[in-house]
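Asker: Attaching a single structure in structure tokens format; questions to follow.
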Amino acid sequence: MKVDGKHFRSIWRERDGWSVGAIDQRRLPHEFVIARLTSCEDAAVAIRDMLVRGAPLIGATAAYGMALAMREDSSDAGLKRAYETLIVARPTAINLKWALDEMRATLAPIDPLERAEAAYARADEIVEQDVEINRGIAANGLQLIEAIAAKKPGETVNVLTHCNAGWLATVDWGTATAPIYLAHERGIKIHVWVDETRPRNQGASLTAWELGHHGVPHTVIPDNTGGHLMQHRMVDLAIVGTDRVAANGDVCNKIGTYLKALAAHDNGVPFYVALPSPTIDFAVNDGIKDIPIEQRSGVEVTDMTGRTADGRLETVRIVPEGSPVANYAFDVTPARLVTGLITERGVLKPDRASLAAAFPERIAAAAE
Ligand SMILES: CSC[C@@H](O)[C@@H](O)C(=O)COP(=O)(O)O
């Protein structure tokens, strides 16, 4: 998508052919800085410290991390070490494990001398596949937006989203934002309510930034505002992303998603989740019981960073010294609150049978 009129992806292979470029998302929206990853350790730290974040981008970064590792040591021990270094970088997004398993399945059976080249080729494929999948999500989600637009000719379609499931969270297009960008391109009048998404403010800092650069009308709202807007018919539909969908259709996403789903349910607002198939975890049958929820540093809750009036970046404390804080990074929305799952293979019911029918090859792989 566009930054100052120029097309960017969130991650790419640099011109040297081996190092990896990525937008440093910790610096947005204040500074546009490109980081260069040159080792497996760099990739692991980029994921852990959230230089890159968002489930599909975490997977893509891990894939390149494996490729970087194979340049250094392509032995069986090197492959194992790279997998083990990357898998622990963050716990909740299943795309990390999916990408690492894909890489290992490609690399383990081949001669170590061929592994580096094969690793870059497979990582490039994973990256291109992500973009293709998101185009599919865009086309399928567009139909939902078109249906709403047809019911209110000439009026704006209002979409609420939470966190950043935009192009910054993927390689390009985003998941939740993909149908929004396509609708905007097609000339549908669309406006996005952007939840700020405390404590890291991915909505205020990232979603607002990318929508703004792409010219999509949007308004940033404090996290607690969605229910009020829904009561006043100011939201036509909600579309969010996800870090892991359980086989039963339960959806794990950024903390606060569940409360939005409850408010949507109470107000009859359709609540959709957009996801690429690598985000489905057929090994987890009950999302609430079995998806691991990341707990992050309390500093993300106690402190906030922003730009001062005279242009400096400054961090300030907003919680009394000594008050304990809790920082659960994700929650699980039960399938019963989800209207539909927007995937590259269509809009599915959030249940086991629909997921299994749409992605039979993933079920087979999970059973192996
Ligand atoms: C297409 S991204 C889907 C999710 O990964 C996204 O909604 C989200 O919760 C990201 O969380 P983050 O902690 O910023 O990695």
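Even glycines carry a Cβ here, placed using N, Cα and C.
Source: prediction; values computed, not measured.
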Asker: Need one residue: from Q143, Q202, the one TrEMBL lists with R53, G54, A55, R90, N253, K254 for substrate.
Answerer: Q202
Asker: Taking only same-chain residues 6+ apart in sequence, whose CB is under 8 Å from that of Q202 (substrate binding site), what do you get?
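Answerer: Result: R53, C163, N164, K254.
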Asker: Roughly how many Å lie between the Cα atoms of D243 (active site, proton donor) and A55 (substrate binding site), rounded to a whole value?
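Answerer: Rounded to the nearest whole number, the Cα-Cα distance is 5 Å.
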Asker: Please go through the binding-site residues R53, G54, A55, R90 one by one and keep those whose C-beta falls under 6 A from any atom of ligand 1; give the result in sequence order.
Answerer: R53, G54, A55
Asker: Using all protein chains in view, find how many other C-beta atoms are within 10 Å of the C-beta of N253 (substrate binding site).
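Answerer: Within a 10 Å radius of the Cβ of N253 (substrate binding site) lie 28 other Cβ atoms.
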Asker: If I restrict to non-local contacts, at least six residues apart, and a C-beta distance under 8 angstroms, what lies near G54 (substrate binding site) in its own chain?
Answerer: S10, A93, N164, A165, G166, L168, A169, T170, G241
